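Asks: Dumping the structure here so I can ask a few things about it.
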Amino acid sequence: MTSTMLDSITGVGGPSPEAVIRVRDVTKSFGGAAALKNVSLDVHAGEVHALMGMNGAGKSTLVKILSGAHNPDLGHIEVADRVQTQLTPRRARRLGISTVPQRRELVMSLTVAENIMLGDLPNRRSVVRWRSVADEARAALDGLGISIDVGHIAGDLTVAEQTMVEVAREVRRGGRVLILDEPTACLGADAAEQIRALVRRLRDGGVAVVYISHHIDEVLGIADRITVLRDGAVVRSGVTGDIDERGLVRDMAGRDVVSERPQRAAASRDVGLAVRDLSHGRSIDGFHVEVRKGEIVAVLGPAGDAQSRLFDLLSGRRRPDRGALCVDGRPVPLGSVSRALGSGLRCVTGDRRSLGLIPDLSIDENLLLAQDRLAGRRLHRSSALARRAAPLRDDYRVVSLAKNPPVGRLSGGNQQKVLLAKWLGTRPAACFLEDPTNGVDVAAMADIHTLIDALAREGVAVLLASSSAEEVMRLADRVIVVRGGRMVAEHEINGITRDELVATVLGGELS
Amino acid sequence: MSIGSPARTGASETAPQAPDRRWRLPDMRIPHSGLILMLILVVALASFQTDSFLTTTNLLNVLRQVSAGAVIAAGLTLLMTAGGMDFSMGSVVAVTTAVAAQLIAHDQPVWLAIVVSMAVATVLGLVNGLVVTFTKVAPFVVTLATATLLDGVFLVILEGLSVSVGAELSELGNGTTLGVPNLLVVAVIVLAATAFVMRYTVFGRDAFAIGGNEDVARLSGINVVRAKLVLYGLAGALSGLAGIMLLSRLAGSSPGTAGLPMQLTAVAAVVIGGTSLHGGRGTVVGTTLGVLLLGVVANVLNLLQISSYYHLISVGAVLLIAAVANQLHNRRK
C-alpha cells in the first residue's frame, strides 16, 4: 500500500502528455458581472500548474468550476477525455478532482488518523477497527513522506501540518488532480518549504497539481506551467521558463506595479507610542519599544512568534502579566478595549475574518462601525451612512461589483482595505498594524503600502507586526527582531540588507 | 479570495442570463415572500372551509389573541439578532400575571400592581442577562433553567389556584380605540418601536454587530456587556408588558397561563420570520408575519373544531416548513 500509493493514483504512472483536465472557452457570470470570459487551459498529470491573478481576477470562480461547485454558463470542461456537463462536487471528487481550500477543513477535535479516514472508517459490522484506522492513516502519510503522529489531535498541529494532513486525506481518497488554494499563506519560511517539498513529491508521483499563490518567487520556483488571469480572462498561459517576475506582475496587474520606499521627512522627536516591559506567559517577554510620531517601527519574527501576541495585548483583548503602555505621552492601562480606544491607539488585526470585520453587515456599515461608536452617535440612517462612507471607499480604493453588499462577499484584498479604512479613518494618534497585506495581491499590496506611508507622513506613530522581511524593508524606518518571545536585535533599516535581516530572524547573532 | 458570487442586483441586471436547467423555487426577491405566500394560502383555505373566518369579529379576535405573543416576539427578535436567547420570557409573563393578579386581588391599586409586576419582570430579565454575561454559560441553558424555575415560582405565587382580577383591567383587555382593540394598539406600537430601534438606532445596529461577531463588536468600541444587559432587561420588561396584556384579556391568572409553551410559540414565530439562531440577522417584519401565521393557523383549527391536540402538531409543522424554506432561501443567496 505504502509504496504503491502514488503509482496507483495516476493509473498509468509517470507524466503523460495527455491533459487530465481540459477547460474550453468557459464563461461564467454572476448577476450580469462576468467572472470568467472564454477561459481555456489544460492541466497535465505530473505537472504543477500555477494559477495566478489579482484578487477578483476569477481564480476562485475557476476553481469552483473545476471542482463542480459552479457550472459554466458557456463552454465546457473535459476530464479524462470526456466532456463533463453538470459537474457536481460529488462527481468531481469521483473523477479524482480534490480541492484543498485556504481555510483548513479538518475536524479539529478529532485525531489525525480519524480525519484522514473520515467517511471511510474501517469497521467490522459497523464497529470501528481503531487499529486499522491508525495503520491506514499512517500508510497514507508515509506514502507522501509526511512524518506526523497519527494519534495527535488535528487542532494541536501547526497550520502547515494541518495542510499536509488534508493533502494526504485527499490523495488517499483517490485525488488525481489536487487544487491547492494558497497553501503557504500565513506560513513561515520553513513551513512553506515543507509544503513545497510535498507538492514536488506529489508531482513526481504523477498527480496534477493546480497551485494558487500570490507569491511570485514561490510560483517561479515550483510551477511547471503558469496561467495568469486578469479580469476573468487568460492573459498568459505557458511554460514557466518563458516568464520572468516583472512580466508576471505586469500580466497580473495590467500595468507595472511599483512599490518603492518613498522619501519621508524625519520623524519628530515626540514619542507617539511607547511600550515597556510587556510580558505575557512564555509567548512574549520584556518587550519594549518607543515609536516617534511619523515613524514606522516594525516587529519582525517567525510566524506565530511574539509579534503575533501584540494585537491581543495592545488592543486590550487580553491583559498582559506585566507591562506599561503610553500613547502620546499619556499612560494607558492595559487590558481594557475602551481605554485603549480612548487613548487614540488603533489596533488593526491581521485576522480580519474573526477579529476584523462583520461579514454579514454591509461595506458601509463595517467602514463606520468604529467611527460611529467612537463619536457616540445614537441614530443610524443608511442614506447618511452611504454619504459618509463614500470618501473612505474612494481613499482606500474599495471596489465592489454590487453597490453595498455584505462585506463577506468581497475579495480578500478589498476586505483588507475595508478593515484598514475602518480604523485609519478614525484619526488615530498611534497605530498598531498586524500583517496589513495578509493574503492580498500585488496591486492591493502596493496600495496598502502607500496608505501606510501616508499615515506616517501625517505624523502618526506606526508599529507594524510582520512576518515578511520584504514588507519590513519596504515600510519600516526601524526594525526589531523577535524570536522565542524575546527581542533579539534592533536595526535602523538603512543599516541592514534584506538578507542580513532574514538571517537575523532565522537565528543569527544577538546584537 | 475572488469575487465569489456577487450580489444579485435586481433591476440593474442587463447581461443575458444563461438558461439554468435545474428546477428552482420561485425567485423570492420580495423579502419574506415565502412567508406571505404561506399566510395567503392559509387564509384562502380557511375562507373556503368556514364562513366565520373572514369576519371582522373573528379577525379582530385573532389579532387580540396574538398581541401578547407579538410583544414577546419583538423583544426576542432584538435579543436573538444580538446572538442571545431567552427561553424564560413566557415564564416571566406567567409570573407577572400572578404577581399582578395577587396584588389586585388583595385590594392594591391597579397602577401599583402594574408597576410592581413589571419591575419584577425587568429584574428577572436582568438577572438572566447578568448570569449570561458574567458566567459565559450558554444563554440557551441559563434561560431554560430560569424558565423551569419561574414556572414553579408562578405556581407558588398562585398557591395552585386561579386568581381573578374581575373587571379591573378590562379597559385594556376588551376596550377599543377607534374600533381597534387596545391590545392590538399596544402590540403594534411595540413592534414598530422595535423595528425603529433595529434599523435606525446605533443601539440596534450594535445588536447586529454583536450577533455577527462579538469580538469585532467589542474591539470596535461597542460596550458589549452593557448592550447585552440592556437587551436582556428589555426582554424582561417586554415580558412584563405582555403579562399585563394577557392578564387583562383573561381577567385572571391561573395555572397553565403562559409559561414555556407560550415561549416556544414566540421562538417559533421569530425563527419562522427568518431571524438567525446564530445572531446577526433578523427583522421585525418577519417576526410579525410569523406571529400572524401561527395565530391564524390556531384560529382556523379552532373554527374548524379540530381537536386541540392538533394545535401542537400544526405549530410544529409550520415551524419545520418555514425553517426549511428559510434555509433554502439563504443557500440560494
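Glycine is no exception: its Cβ is also placed from the backbone N, Cα and C atoms.
Okay, these came from TrEMBL:
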type	residues	note
REGION	B:1-22	region 'Disordered'
TRANSMEM	B:30-50	transmembrane segment
TRANSMEM	B:62-80	transmembrane segment
TRANSMEM	B:111-131	transmembrane segment
TRANSMEM	B:138-158	transmembrane segment
TRANSMEM	B:178-198	transmembrane segment
TRANSMEM	B:229-248	transmembrane segment
TRANSMEM	B:260-277	transmembrane segment
TRANSMEM	B:284-303	transmembrane segment
TRANSMEM	B:309-328	transmembrane segment
Asks: Considering only Cβ pairs within less than 8 angstroms, which of the stretches B:111-131, B:138-158, B:229-248 has the most against the transmembrane segment (B:260-277)?
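Replies: Answer, by Cβ pair count: B:138-158.
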Asks: Do the transmembrane segment (B:284-303) and the transmembrane segment (B:229-248) share at least 3 Cβ pairs under 8 Å, sequence separation 6 or more?
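Replies: Result for the transmembrane segment (B:284-303) with the transmembrane segment (B:229-248) is no.
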Asks: Under 8 Å, at least 3 Cβ pairs, sequence separation 6 or more: does that hold for the transmembrane segment (B:30-50) versus the transmembrane segment (B:229-248)?
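Replies: Output no: the transmembrane segment (B:30-50) is apart from the transmembrane segment (B:229-248).
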Asks: So which of B:111-131, B:138-158, B:178-198, B:229-248, B:309-328 has the most C-beta pairs under 8 Å when paired with the transmembrane segment (B:62-80)?
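Replies: Between the candidates B:111-131, B:138-158, B:178-198, B:229-248, B:309-328, the best contact partner of the transmembrane segment (B:62-80) is B:178-198.
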Asks: Taking pairs 6 or more apart in sequence, does the count of Cβ pairs under 8 Å between the transmembrane segment (B:111-131) and the transmembrane segment (B:229-248) hit 3 or more?
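Replies: Taking Cβ pairs at least 6 residues apart, the transmembrane segment (B:229-248) and the transmembrane segment (B:111-131) are in contact, with 3 or more under 8 Å.
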Asks: Excluding the flanking five residues on each side, which residues at least 6 beyond the ends of the transmembrane segment (B:138-158) place their CB within less than 8 Å of a CB in that stretch?
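Replies: Contacts of the transmembrane segment (B:138-158) (Cβ under 8 Å, skipping residues fewer than 6 from its ends): 84-88, 90-92, 94-95, 98-99, 101-102, 124, 127-128, 131-132, 253-255, 257, 259-260, 263.
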